[in-house]
Amino acid sequence: MSPSPQIPDINTVPGPILLVGLGNPGAQYELTRHNVGYMALDELCARTSFPVSLSPNKRTNALVGRGTLNGTPVILMKSGTFMNDSGRAVAATAKFYNIPATNIIVLHDDLDLAENILRVKRGGGEGGHNGLKSMTQHLGTKDYVRVRIGIGRPPGRMDPATYVLKQLSARDCEEVGVTVQEAADAVELLLRDGVAATQNQVHARH
């Protein structure tokens, strides 16, 4: 399903904008490729006008914080559920703060993109990503904005599930750290310039 042409661009709505980092809760998952969305959200929390600390919201089963990013009011969240059930917490948080799905930007890992490559889009397919499938199911639409963070395919015959949950090496952490900062940059561009302009800038660099 393609996004409706009537949807206002993400940089034109009054806000707040819901910024979602996808990942798995728990210390054992912190430094895994599947959690690059969480890492990018942490970077955004540090960039708000007053650095945001996320706090549990029991009504939405999420870690949530409020702030302002370059003048735009934002709600920042990580699901308290595991990746495959992320949509339940995202939809509950959006409802709690009265935010339409079209005002959501989600940051997530993407096996179909080479490592350290970024892509930005609104709507479209989920590419087999269970977190996105859950979001689409619970939001009832695909028309949210995605910042896709490439993690590449597993080497050899390694199972993809093993690959995305494998602990990152020190070298991998350095490379991922750069990409996470660029993903946060992409969100700032989205809030300032909108989807098409951000695609032009980000895709030209990657």
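Each Cβ is built from the backbone N, Cα and C atoms, and glycine gets one as well.
Feature list (source: TrEMBL):
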SITE      ASN24  site 'Discriminates between blocked and unblocked aminoacyl-tRNA'
BINDING   TYR29, PHE82, ASN84, ASN130  tRNA binding site
ACT_SITE  HIS34  active site, proton acceptor
SITE      ASP109  site 'Stabilizes the basic form of H active site to accept a proton'
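Annotation: HIS34 are the recorded positions among HIS34, ASP109, ASN130 whose CA atoms are within 10 angstroms of the CA of ASN24 (site 'Discriminates between blocked and unblocked aminoacyl-tRNA'). A Cα-Cα distance of 11 Å separates ASN84 (tRNA binding site) from the residue listed as 'active site, proton acceptor'. Taking the C-alpha atom of ASP109 (site 'Stabilizes the basic form of H active site to accept a proton') as reference, the shortest distance to any of the recorded positions TYR29, HIS34, PHE82, ASN130 belongs to HIS34. Under the DSSP three-state reduction, ASN130 (tRNA binding site) is assigned to helix. Put simply, the residue listed as 'active site, proton acceptor' is 11 Å from PHE82 (tRNA binding site) when counted between their Cα atoms. Around ASN130 (tRNA binding site), a 10 Å sphere centred on its CB holds 15 further CB atoms from the protein chains shown. Under a cutoff of 8 A between CB atoms, and with a sequence separation of 6+ in the same chain, the neighbours of the residue listed as 'active site, proton acceptor' are GLY23, ASN24, MET83, ASP109, VAL164, LEU165. Sparsest Cβ environment among the recorded positions ASN24, ASN84 (other Cβ atoms counted within 10 Å): ASN84. Counting Cβ atoms from all protein chains shown, ASP109 (site 'Stabilizes the basic form of H active site to accept a proton') has 26 others lying within 10 Å of its own Cβ. DSSP classifies ASP109 (site 'Stabilizes the basic form of H active site to accept a proton') as strand under the three-state reduction. Site extent for tRNA: the farthest pair of Cα atoms among TYR29, PHE82, ASN84, ASN130 sits 16 Å apart.
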